Structures are given as structure tokens and as C-alpha cells.
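Enquirer: Residues or ranges marked as active site, nucleophile in Swiss-Prot: D398. Marked as active site, proton donor by Swiss-Prot on the basis of sequence analysis: E451.
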Amino acid sequence: MIELSSEARAIVEGRHSDPFHYLGRHRENDRQVVRAYLPEASDVRVVDEHGGETTLTRIHDAGLFLGDLPNGAKRYRLRARFGADTVELEDPYRFPPILSDFDLYLLGEGTDQRLYDKLGAHPITMDGVGGTGFVVLAPNARAVAVVGDFNCWDRRRHPMRVRGNGYWELFIPGAQTGDRYKFAITDKSGSLLPLKSDPMAFAAEVRPNTASIVVDEAALPCPTPAAATINARRAPISIYEVHLGSWRRGDDNRWLSYRELADTLPRYASSLGFTHIELMPVNEHPFDGSWGYQPTGLYAPTSRFGSPDDFAHLVDACHREGLGVLLDWVPGHFPDDPHGLGHFDGTAFYEHANPLQGRHLDWDTLIYNYGRTEVVNFLVANALFWLDRYGLDGLRVDAVASMLYLDYSRAEGGWIPNKHGGRENLEAIAFLRRFNREVFAKFPHATTIAEESTAWPQVSRPIEFGGLGFGYKWNMGWMHDTLDYIGKDPIYRKHHHGQILFGLHYAFSENFILPLSHDEVVHEKRSILGRMPGDDWQRFANLRAYYAFMFGHPGKKLMFMGAEFGQEREWNHDHALDWHLLDQARHQGVQAVVRDLNALYRDVPALHELDCDPAGFEWIMANDADRSVFAWMRKGESGRARCLVIANFTPTVHRSYRVRVPFAGKWREALNTDSAHYGGSNVGNNGVVETLDGVIPELSLTLPPLAVIFLVPERA
């Protein structure tokens with residue numbers, strides 16, 4: 001055996017950061033030599049493009065081979081014997097770099113919006129040879145190798161080379177779509193880390209397995225676009241929030257696939273008049289019980305329900321039904337599973353090293369380091385990826401409050417102030433603004449939505465005016481106050497009248513969405529129906545009235561699956577919704593009123609055009625606490641676009657109830673939640689009411705019990 005150089009020993013010991021410097025073809029004086037590292041091979045020969053063959057000398061028992069390549073040969077292959085098998089291989093170390101110098105410049109600047117075109121695993125052809133290019137960021141690693149189906153998961157076979165700024169790359173001939181792979185990383189001290197999934201993987205194995213899967217994501221079908229105005233401030237936006245794993249299930253409680261869901265979900269949501277479907281996170285995640293909110297694969301649709309192509313089919317099916325598709329997106333934290341982002345290159349790279357900054361106490365997860373350029377680029381590019389590759393129409397950003405505050409859920413002394421001594425996370429603020437700026441610049445018809453549970457100002461206001469730049473914000477205060485109010489016995493509601501009024505004091509401070517989300521039907525909070533007081537008749541009447549109150553209130557709408565037909569029990573992610581309830585008339589009535597409310601909201605401009613504008617709302621009756629009656633006028637952009645909404649939150653019928661209106665003449669009762677069609681007592685105003693004689697136009701109305709009525713002027 002030849003005495004090994006230090007470089008050769010580094011190859012054999014798996015700690016070489018640039019194996020191309022030693023392996024492959026090299027000129028030494030007047031010779032062309034080939035070095036190959038093929039552990040377990042007993043014999044290796046080099047075959048040039050002319051058919052010439054040279055036997056390489058084994059220079060180390062670990063599988064290091066050396067020999068001459070005939071002068072003038074430009075291409076060659078390796079013919080190796082493994083036991084009784086002889087295979088012919090392309091040498092990965094004869095190919096040029098994957099990343100260009102300009103690529104490395106953009107990556108170093110952290111401004112590459114299409115990071116996903118360069119990092120990860122991409123099937124490509126180099127020098128006429130098909131294979132897969134692998135690129136991963138691990139700046140603090142001593143060595144990185146690719147392991148997978150193509151090399152028997154042998155970390156010795158395919159060491160990568162490091163380029164500028166810690167990007168490691170390798171083209172592996174023959175690696176193809178469908179191959180599983182991971183990265184084998186050696187840290188600075190020489191210790192082997194647990195095998196890591198690719199942070200940029202476009203697909204992964206079904207849990208509990210954690211390997212990444214090679215996918216040609218550039219070949220995904222071009223999505224059918226949604227209408228350009230679907231997210232507009234003046235448009236009706238009614239969102240159906242869905243957890244794909246529990247909306248419906250198949251035989252033996254199995255998950256439905258993306259394609260099975262595509263056959264039913266879009267048509268169902270569209271038939272009820274919803275304008276959007278919001279998907280709880282589909283990013284790959286290891287734990288079902290996280291509902292997707294602890295992702296390890298931000299670029300991969302979960303394989304629980306199928307392939308990336310299958311997911312694209314579902315999005316396309318939604319668009320063909322006229323639905324926008326929103327995705328819950330989690331850039332605030334990630335789990336510390338060994339195969340994931342935590343301690344990725346042997347250091348706290350994606351997360352903060354200090355647990356006072358880097359660990360989320362509520363969820364025992366890791367917090368992204370928004371001060372690191374590469375991490376911010378990774379996250380922003382991920383947002384753009386979903387809008388670009390899958391044609392999604394918007395992103396709902398989860399847990400924004402936990403990102404904005406350094407002391408979120410932390411006791412005194414358990415957090416580190418910012419450079420000004422404050423509690424605001426300045427780096428997270430900068431990240432959110434950059435995220436919104438780049439999303440709207442590249443996808444002007446998309447939207448972004450913040451789940452922000454505090455009074456942080458200007459969340460949905462322009463960045464140039466000091467805002468965070470979101471398109472919309474969930475109105476968590478409205479949700480908490482109104483659910484608390486409607487959950488009280490009607491006899492006590494007069495003492496809590498202000499809970500309804502208070503929301504209108506700030507209803508136009510943001511572009512609000514009124515959310516009845518999944519968070520309100522778990523953890524012993526009960527279902528929305530389960531919160532309603534009284535006997536069965538009153539519970540269902542309360543529910544119908546509450547939904548109508550929401551649709552009459554300023555703000556866009558969101559309803560979690562199951563609420564639309566009065567799901568009785570809390571949501572359980574391990575089981576389908578209780579669809580059998582629709583065999584009962586009272587649940588059919590709830591579904592019918594939701595369908596009609598969506599239609600009314602869409603068809604009456606006054607109910608949606610000025611959802612986010614104070615000009616679109618006027619109190620008509622706000623101080624009738626004794627009777628728990630509220631009346632208000634919704635207004636559209638045109639002069640006669642009006643809709644009168646009156647809510648009676650007691651079981652008492654109020655007759656001859658006088659309400660002032662802006663126009664004399666006939667007003668049509670457009671919807672009455674007490675209609676027998678919905679399971680109500682059918683008290684109402686016989687379809688049309690005419691104003692009384694007098695200087696000021698007034699209506700004399702019958703207010704049905706525990707009900708909301710909508711009236712619009714004839715010829716409006």
C-alpha cells in the first residue's frame with residue numbers, strides 16, 4: 001500500500017471539505033490520473049470514451065484507487081466489482097460545479113428569491129449525464145456527505161465539496177426522482193451528527209420515517225390561477241378552514257389522498273358559497289398532534305396524503321371551482337427532532353444558541369434566528385415558493401405575537417431585551433416586513449394574513465407608514481368577546497351589552513378577518529354549538545343568530561370545518577367530522593343558513609365592499625341593552641347600497657319595533673335566521689316591510705326570537 005497523504009487520509013476518514021481537490025481526474029506532470037474512492041470495491045477500472053480500459057491500483061484498504069487515464073481522453077466511467085457484481089459508474093468527481101459564482105454572490109447577500117431553484121435536490125443533466133444535484137447550507141460543518149438509495153446509505157461514498165459561504169454541493173449521476181436521501185454531517189469537532197433531512201426537500205417519507213425524497217419540482221403542472229380580485233379589500237371573502245387529515249376519512253379511518261379530497265372538498269366548499277379554502281399546515285411534520293404547526297419540511301407538502309403532484313392537483317381543483325387557496329404558514333418556530341433543523345451543522349444555525357432567545361417555552365420548540373441573513377432568506381423564499389410553484393393565493397402566518405415580543409410567555413429575567421432595552425423583537429419585525437414586501441411585489445394579487453393576538457399597532461397597514469404590511473389580520477378580540485357574550489344565558493346578556501359594542505370601537509383599525517377557527521373548538525373549549533346556552537331549540541337558534549351576526553358585522557369571515565353544520569363535539573384530528581349529523585333537520589338548517597349567508601354576503605355589496613372602511617358601517621340602535629337588540633346599517637360604495645341588520649339575542653319576540661332607515665319605501669327581508677327553512681319558529685315580516693308615513697323614514701318590524709334579520713331597500 002502507498003503511504004497516504006494527509007489529503008487522502010482526510011478522504012478516507014470522511015473529513016475532507018473539498019473531495020474534488022483529490023478525487024476525480026487530475027493532471028500530474030505529463031500524466032492524467034484518476035483517483036476514486038469506492039469502499040467495498042475489490043477491483044476498479046477506468047474506461048474512456050473510446051473504450052480504452054485501465055486498471056486502477058488499490059492504494060488503501062478502505063477503497064481508495066489510483067491510476068492513469070490515457071492522454072487525450074475527455075470522458076470516462078468507472079467499472080467496479082462489488083463481490084460477484086460488476087457495475088459501471090459515472091464518477092461524480094469529474095463534473096463541474098453546480099452553483100455559479102453569481103449564485104454564490106446572491107446566496108451570500110441573502111437576496112435570492114428563488115432559493116428553491118438552487119438548494120435542495122434537483123434532477124439535472126450535466127455533460128450529457130442524468131442525475132441529481134444536491135446543495136445544502138451547513139457553514140459550520142467539517143464535512144458533509146449525501147446518503148441515500150443510490151449508495152446503500154453509505155456515508156463514505158459521496159462526500160460533498162464546500163463552496164463559498166458554507167454551501168455544500170455534489171452532482172450524483174444516476175440519482176433520480178423517487179430516491180430517498182439525507183445528509184451525513186460531521187461537525188467541527190469531528191463528531192458525526194444524526195442524519196439530517198434536507199431543509200429544502202420538496203418531498204419526504206411518511207412519518208415515522210424521515211428521509212427526504214428527490215422530486216423534480218420544476219416539472220409540477222402550472223396551476224390554474226384564481227381570479228385576480230379574489231383577495232381584494234372590496235371583495236367578499238369567506239374562508240373555510242380545513243384540516244385535510246380529518247375533514248373526511250376513508251374506510252378503516254384512513255386518510256383521504258389529495259386527489260380524493262380534490263374530488264369532493266372544493267365542490268363542497270363552493271356549494272356552500274365559501275370563497276376560499278384555508279389549509280392548516282401541509283408542510284411536512286413528524287407529529288400528527290401538532291396539526292402541522294411544528295414543521296420539519298417547509299418546502300414539502302406532507303406525504304401523508306400523496307405526492308407534490310397530487311397536492312398541486314388539489315390546488316388546481318379548488319381554483320377550477322372558483323376558490324382561492326390559503327395556507328397556514330409557520331415561520332415562528334420549529335421542532336427539535338434529531339433529523340430536523342435544530343443543531344443542523346453542529347451549531348445553533350437556524351435557531352438562537354441562547355435558550356432565552358432560541359426556545360419557545362409554550363411549545364418546547366426552537367425559534368428561528370431572524371438576525372441571520374441565510375435564515376431570513378430561507379423563510380422568505382419558502383413563502384414565495386408556495387405562491388410560485390403551487391399557485392397558492394395567500395399565506396396565513398401563525399403565532400405572529402410570539403415572534404414580535406421577546407418576552408412572549410416568559411417570566412421576568414427569562415428573556416433578553418433588544419438593543420434599545422425594549423421587548424420588541426426588532427429582527428422579527430424586519431423579517432415580517434421583508435416577507436410582506438417581497439410577497440406583494442412578486443405576487444400582487446396574493447394576500448398575507450396575520451394571526452396576531454395582541455394590540456400591536458398597524459399589523460395590516462403599509463410598511464411605508466410604519467405598519468407590518470400584512471393584507472389582513474385575524475380579529476381575535478372580536479372572537480373572544482362575542483363568543484363569551486353568545487355563551488351566556490339570554491337573561492344575563494343585557495349586562496354584557498358592551499361586549500358586542502366594544503368591537504366596533506376598533507373594527508377599522510386593521511383590515512380584519514373574523515375568525516371562528518380550529519383553536520376555538522379544542523382543549524375543552526367545546527364546539528361552537530356546544531357553547532350555546534338553553535335547550536336544543538335555543539342552542540340552534542343562538543348558533544344561527546351568531547353566524548348571521550358575524551356575516552352582518554364588518555370584516556371578512558372565517559369558519560372552521562364542521563361549524564357550518566353544527567358539529568356537536570370538539571374537533572379531533574384523528575377522526576373525521578360527524579357528517580352523520582346532517583341526517584337531522586336541525587343540522588341541515590344550520591348548513592342551509594350558512595349557505596344562504598354566504599350567498600347574501602356575496603350578492604349584497606353593502607355587506608362586503610366596505611368591510612374594512614368605517615364608511616361602511618353605522619349604528620342604528622346600539623343602546624337597547626334591556627332587550628339585547630342591536631341594529632346597524634351596512635353600506636356599499638354606491639349611494640343606495642344599504643343593508644339593515646337587526647339582531648335580537650333574547651328568546652322574546654319584539655313586535656312593532658321601530659327602526660330608522662335612510663330611504664322611504666319598501667325594504668325586503670333578505671334573510672331571517674328564524675325561518676322555518678332553517679329550523680326556526682318562522683316569526684318575521686312576511687318578506688317585505690314598507691316605511692311608515694312621516695318626515696323621517698321608519699320601519700315597524702317584528703323581531704323574531706334569538707334571530708338576526710337582514711333587510712335591503714327595494715331597487716337598491
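Backbone N, Cα and C define each Cβ position, glycine as well.
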Enquirer: When DSSP states are folded down to helix, strand and coil, where does the residue listed as 'active site, nucleophile' land?
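Expert: DSSP call for the residue listed as 'active site, nucleophile': coil, neither helix nor strand.
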Enquirer: What are the sequence-distant neighbours of D398 (active site, nucleophile), meaning same chain, six or more residues apart, C-beta distance under 8 angstroms?
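Expert: Correct list: P281, Y293, D328, W329, V330, G332, E451.
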Enquirer: Measure the Cβ-based neighbour count of E451 (active site, proton donor), defined as the other Cβ atoms within 10 Å of its Cβ.
Expert: 20
